[in-house]
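Below is one structure, written out as structure tokens, with a few remarks after it.
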């Protein structure tokens with residue numbers, strides 16, 4: 001029956017188009033709010049709490065990136081909860097209770113998949129959707145996967161905690177790397193994010209991809225790299241800004257990004273009954289738990305002050321540094337918002353747009369995988385620049401146009417292989 005397959009494919013294409021549009025729109029506006037937050041804000045207090053800054057004209061910058069990450073995590077968990085409740089209301093599942101709607105029943109079942117398996121090899125997940133399995137000797141492949149799920153590192157709570165920890169570490173390491181390398185180098189490195197995602201999926205989780213996927217990843221990576229590199233080529237920025245330490249931190253950041261996306265793929269593969277929004281809710285919640293101690297506890301003003309009090313072989317400092325503690329980051333940030341009220345609106349926009357964009361991101365990961373998501377995110381800047389060419393009549397170099405052609409060549413290969421797969425499935429059903 002080819003008609004249902006074509007209808008299913010049309011639905012998948014529509015979902016992909018909505019996800020891509022949502023990611024582009026939300027994070028385009030999110031980037032504007034992020035840029036505004038990185039600029040100084042004027043103070044309404046004659047004696048601001050950050051004294052060593054010229055307050056007369058420039059103002060003060062937001063004091064903590066951790067607080068920004070925490071605010072976005074709160075907005076993301078709230079967005080996911082609202083989506084899950086709305087979806088449950090639409091499907092008439094509100095009577096199941098919040099415990100089951102957000103997936104707490106799955107989280108506290110020691111991570112064991114809890115699909116209801118029928119005798120004909122079909123499983124019904126917690127959202128009422130069918131999961132196809134293959135019956136063998138009276139047992140389904142899903143049942144075998146459940147029995148094989150013995151390692152605590154592969155349980156649902158452990159996988160969720162892993163991706164939350166990876167996501168929490170990636171941001172600060174990226175900011176630290178940017179202090180030792182130029183921004184074009186950071187953008188160029190991020191454009192190669194598809195490679196660690198693909199490699200870690202293969203090396204860590206033994207996932208297999210079609211041969212054309214490797215070609216597509218190579219074409220998109222080379223095309224984006226050309227586009228970004230040659231965009232900065234005509235500016236002739238001074239060299240020598242990229243230290244070995246900064247490049248190493250960039251590599252660590254890309255490795256953590258690959259761990260995050262590949263672990264998310266593994267989570268959805270192992271626990272197909274767990275929805276993208278449920279993962280988003282718990283990841284954001286765990287991120288808040290990880291960041292909260294750093295925000296509410298007074299931390300040493302000098303990180304080496306504690307180590308300097310250790311015995312000689314363990315102490316990296318020659319002299320003992322007095323221990324002093326700064327005010328908690330949370331108090332500093334609240335004080336900053338009170339004395340700099342103009343920072344509140346971009347902070348709310350940054351958090352809410354990030355939460356909205358995360359909904360589209362997790363929908364994309366669940367239905368299309370992390371490779372598709374990363375392809376969408378790394379090409380976002382390219383399509384934004386192309387839009388500016390059309391709207392504002394900006395000029396691109398010949399090298400940039402070559403990069404655009406290579407990227408669209410990779411996208412064309414992916415689209416062609418998808419179409420061939422659809423036609424092959426339609427012929428089988430005739």
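Keep in mind that glycine also has a Cβ here, set from the backbone N, Cα and C atoms.
As annotated in TrEMBL, transmembrane segment covers the listed stretch 214-231 rather than the other ranges in 106-123, 124-141, 214-231. Among the ranges 155-175, 302-322, the one that TrEMBL lists as transmembrane segment is 155-175. The transmembrane segment (243-260) and the transmembrane segment (181-202) are in contact, since at least 3 Cβ pairs between them lie under 8 Å (pairs 6 or more apart in sequence).
Most Cβ pairs under 8 Å with the transmembrane segment (398-417) belong to 214-231, among the candidate stretches 12-33, 67-86, 155-175, 214-231, 281-299. Among residues of the same chain six or more beyond the transmembrane segment (155-175), those with a C-beta under 8 A of the stretch's C-beta atoms are 65-66, 69, 106-107, 109-112, 149, 186, 249-250, 252-253, 256-257, 259-260, 263-264, 266-267, 270-271, 274, 279, 282-283, 286-287, 290-291.
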